[in-house]
């Protein structure tokens with residue numbers, strides 16, 4: 001048996017191709033059931049995200065092309081469309097690849113943690129479809145523990161490398177417990193949505209969303225349980241916000257120094273943390289002159305991100321060493337499993353010979369043969385049968401002058417070396 005990792009990702013395929021090769025929730029179970037019925041395939045897990053689609057299989061050696069052909073048939077793709085984008089990894093490299101993916105080492109954003117949750121979800125789908133057991137099950141469980149070890153033993157996840165995450169991380173410097181804060185999000189685009197997700201991960205439950213049009217703001221509000229307002233209403237609610245994060249396409253500032261000053265008075269000068277991600281600025285630069293207002297811009301965040309990316313790169317190098325260690329440990333276990341069937345077959349063969357000779361000896365005793373003679377005959381026949389194959393191997397090695405093989409056979413048979 002062999003392990004296979006086959007797929008495409010953001011490095012090898014365009015968004016258009018990744019969309020065509022993706023497995024949605026409506027077809028993933030059917031796909032798993034189909035995949036494990038392909039010739040030679042015994043186990044399968046399908047990982048499908050916006051940045052990658054990968055098939056992990058336990059299968060007979062040489063069956064990788066069958067998996068590729070199945071992928072093409074399932075999605076109705078021509079070979080020419082995917083051949084240049086597909087990568088395949090076997091055994092040790094397949095194990096290393098999965099571990100790297102689980103640790104975020106192969107992600108678009110180095111070290112991002114979301115991929116681990118996505119892999120766990122993919123593994124759960126495979127379990128529900130009864131598509132995973134044995135070696136592949138052990139591999140995924142091992143990969144989860146490797147990802148946890150990397151997070152614990154390195155700083156790969158400790159530093160913000162996206163604007164949205166950096167904005168929230170800065171908030172944690174001002175407020176040790178973000179769950180106790182109320183946040184005003186100005187804008188309703190992709191960056192603000194990511195900010196909202198990071199805030200929710202920090203257990204922030206009180207959010208306000210202000211946007212030029214209410215429709216988009218209401219979509220965010222429904223997902224995050226936020227209060228909705230127009231940009232014109234910001235002055236009425238600004239004093240409620242401990243944190244303000246703004247990212248709009250407005251050509252002019254939305255929040256001015258006077259507006260913040262009035263809000264601070266209403267807050268009895270309780271500190272307010274403001275992050276302006278927009279270009280051009282949403283918040284007047286003069287706000288930073290207020291003693292209880294802490295204003296950061298996208299330039300401040302970019303400097304933090306660059307420093308943190310270097311930290312992550314150093315941590316990634318440490319993580320790669322951990323991955324290699326854990327891969328070697330897993331492969332030691334995996335190779336040992338190959339001997340289990342061999343040992344079982346060898347024991348079964350020996351037991352079969354012993355049972356046959358025992359029955360023959362018992363029959364001789366029933367027919368009146370002397371017990372000592374019957375036992376001696378059984379022992380002689382049993383010895384001859386059990387040493388027949390090793391004897392043939394020794395004779396063949398000696399005839400060929402293969403001293404290395406003779407030495408190995410001596411070791412295997414427990415004979416003293418000359």
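Including glycine, each Cβ sits where the backbone N, Cα and C put it.
The feature active site, nucleophile is assigned by Swiss-Prot to 50, with sequence analysis given as support. Per Swiss-Prot, the feature substrate binding site maps to 49, 50, 51, 52, 107, 112, 113, 114, 118; the stated evidence is sequence analysis. As annotated by Swiss-Prot, NADP(+) binding site applies to 187, 188, 189, 190, 191, 192. Among the features that Swiss-Prot reports, site 'Important for activity' is placed at 97, with the record citing sequence analysis.
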**Q.** Long-range Cβ environment of residue 188 (NADP(+) binding site), under 8 Å and at least 6 residues apart
**A.** 209, 211, 213, 216, 217, 219, 220
Q.
I need the CA-to-CA distance for residue 187 (NADP(+) binding site) versus the residue listed as 'active site, nucleophile', whole Å please.
A. 24
(Q) I need the CA-to-CA distance for residue 51 (substrate binding site) versus residue 191 (NADP(+) binding site), whole Å please. (A) 18
Q.
Return only the integer: C-alpha distance in Å from residue 192 (NADP(+) binding site) to residue 49 (substrate binding site).
A. 21
(Q) Quick check: in three-state DSSP terms, what is residue 113 (substrate binding site)? (A) coil
(Q) For the substrate site (49, 50, 51, 52, 107, 112, 113, 114, 118), what does the 8 A shell look like? I mean other same-chain residues with CB within 8 A of the CB centroid. (A) 104, 108, 115
Q | Near-site residues: NADP(+), ref 187, 188, 189, 190, 191, 192, CB cutoff 8 A to centroid | A | 185, 193, 194, 195, 247, 248
Q: Sort the recorded positions 97, 113, 118 by C-alpha distance from residue 50 (active site, nucleophile) and give me just the closest.
A: 118
Q: Fill in the CA-CA distance, residue 49 (substrate binding site) to residue 97 (site 'Important for activity'), as an integer in Å.
A: 16
(Q) Taking every protein chain in this structure into account, which of the recorded positions 49, 50, 51, 191, 192 has the most other Cβ atoms within 10 Å of its Cβ? (A) 192
